[in-house]
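Worksheet for the structure shown next.
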């Protein structure tokens, strides 16, 4: 396949990061889904390993920074696409562990999950991820699994609409670091179906969070049809870029 026949993104890493590279490459090789960035291969020179990935035009972070916030319908389109990707990953027992707007890529009618450098196929107790987006159990180095990704998804959903994270640093220190008392209260402006999903996703107890399957079946997302999703993705790009 010639370079003109696919979009490419080349990321390079120092060779002393070979362990993380191997994990990311291994994860990418087994993953094939329309809502996950496609892996094309690797090559290396004396100093670096290069990972060749599908290229999309912008990140969700860039879209959010352009106009500050999305409405519930637009954010629902993004969440639905990410949930479909997570549904696939979680069925394969893959935990992403670093979901955030910078790792959600968009282009034309496509929304995809990228960056599998911290992904794992095992439950663990290692602290990793991005502050502000990681689940409480991961932050406290407790055993974590796929519910950790759902918590991060909830953080992103709130931020897309409110243009800020749901928990301040001070609140996090008091209710996660010092105690296990975190509680999410959705803004009054959120619709009831959306609030129901958010309260579940941002529950401090992993077992009480909705799975990707359950979010996709929720009243909030159930009525989003394929053609409507495509129209909304184009509208998001047009209005926010």
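Just so it is clear, glycine is given a Cβ too, placed from its N, Cα and C backbone atoms.
Whatever TrEMBL says is automated annotation, not expert-curated.
In this structure, residue 98 (active site, proton acceptor) belongs to neither helix nor strand by DSSP; it is coil. All protein chains included, residue 98 (active site, proton acceptor) registers 21 other Cβ atoms within 10 Å of its own Cβ. The active site, proton acceptor feature in TrEMBL is assigned to 98.
On its own chain, residue 102 (ATP binding site) has 59, 60, 61, 115 as residues at least 6 apart in sequence with a Cβ closer than 8 Å to its own Cβ. Under the heading ATP binding site, TrEMBL lists 102, 103, 115.
Marked as SUMO2 cross-link by TrEMBL: 100.
The average pLDDT computed for the domain 'Protein kinase' (1-221) is 82. Marked as domain 'Protein kinase' by TrEMBL: 1-221.
Excluding the listed site residues 102, 103, 115, the same chain places 59, 98, 99, 100, 101, 104, 105, 114 with Cβ atoms within 8 Å of the centre of the ATP site Cβ atoms.
Non-local contacts of residue 100 (SUMO2 cross-link) by the CB criterion (under 8 A, 6+ apart in sequence, same chain) comprise 61, 130, 132, 133, 152, 155, 156.
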